[in-house]
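Trainee: Have a look at this one before I ask anything.
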């Protein structure tokens, strides 16, 4: 006698439906937002006034979310601090915070706003997602009460967290992430006790989320990609551009390539703090990016991405970052080396004195090799090859190994490493490699006027970063940016 097994058939049917509904690609959006700021973040305001400011920003985001949905976007990322701004004290940020529940509560704020404590911001974000049938990613503040039984409870009786939230296309809260690596100025927020590794699944891939300075550290960023195997990272940020190596589009695109991941980065726009640079990046290069220093306008980016980039036939090959560099001898002696500083780190430099040639520069265990050919050497511009192998100790402590070809600010070698945004020297060819001790290396090519170079370079399996038929604009930097997480201090 054969017995029917309805639960088995139901399971098979459900899996078949999921497989049938799974999408090979999807349209993603990010919005760079010019945040409407409080007149004085040092003066406390009422909850009503705080909500008034947040509604002004959400009015702008509402338009961007609707525009993205009309272009077919399935998900949109908005910036860190995009709803209330920055540089608050612990007291003055409090009226802007809401109690954000664990997503496991299965809550749609838009249809059930009174289920938890008053949450007008979550309600409105949920309704934006629901009315436009789009996933909405936003950054707000979370507050959690505590008492003396918790030895780490702040004296005011509550924790305050810099928090990302994700609402699905029905308006349901599906993800909540508390920023783990706070920037030094974020004294209004508390550090979570442990890093959170937040992921969620959709019909168009597996997503992870973290915020701004988190990208510089192992947890949670590397864990989400390397261990939890997310397809796409969602990245709200308020990134202050730091040339020559850490402008937003430059570093975020490089990180996406180095980690082999889709990366949706939404930055704020503020000229006084040099905040701009948003993008939609894929493992083989940027798909769309925006860098604007001329106006204070917001900007929407919308583009199609592979849902599962690791399964794509164009997915980048595996790279042994030190293979080539450790197999060759030094190109040049170190008798003309000199020191210079990039963002507080002391580099060893050697000047490119000829229009073409081969140079090597070393620092500690890292040797950087460069072969290059300029179209024409400009007499009023100086380029150097630099190496840094050490612990960065300002605004966070993390171990770096960096090889970089860069333009100096002037012909005075003392300016090498200072920020510079324009250049006139074109390179016909370059090949950069290094004896890296880490497998986490992020390849960057930045052109004049702080523009990326999609399709104009490639990374070979032996670790060489090489040009492809020259570049469309003069070069600012060509960089292999290595992070040696195992050498970070505890």
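Glycine is treated like the rest: Cβ placed from N, Cα and C.
Sequence annotations record features per position, and here TrEMBL assigns active site, proton acceptor to 80. Residues or ranges marked as active site, proton donor by TrEMBL: 179. The active site, nucleophile annotation in TrEMBL covers 212. Residues or ranges marked as domain 'CN hydrolase' in TrEMBL: 31-307. The signal peptide annotation in TrEMBL covers 1-22.
Help me see these features in their spatial surroundings.
Mentor: Annotation for residue 80 (active site, proton acceptor): spatial neighbours 139, 162, 164, 211, 212, 236, 237, 238, 266, 268, criterion Cβ-Cβ under 8 Å with sequence separation of six or more.
Sequence-distant contacts (6 or more apart, same chain, Cβ under 8 Å) of residue 179 (active site, proton donor) comprise 161, 162, 163, 164, 186, 189, 192, 210, 211, 212, 213, 214.
The 10 Å shell around the Cβ of residue 212 (active site, nucleophile) contains 25 further Cβ atoms across the protein chains shown.
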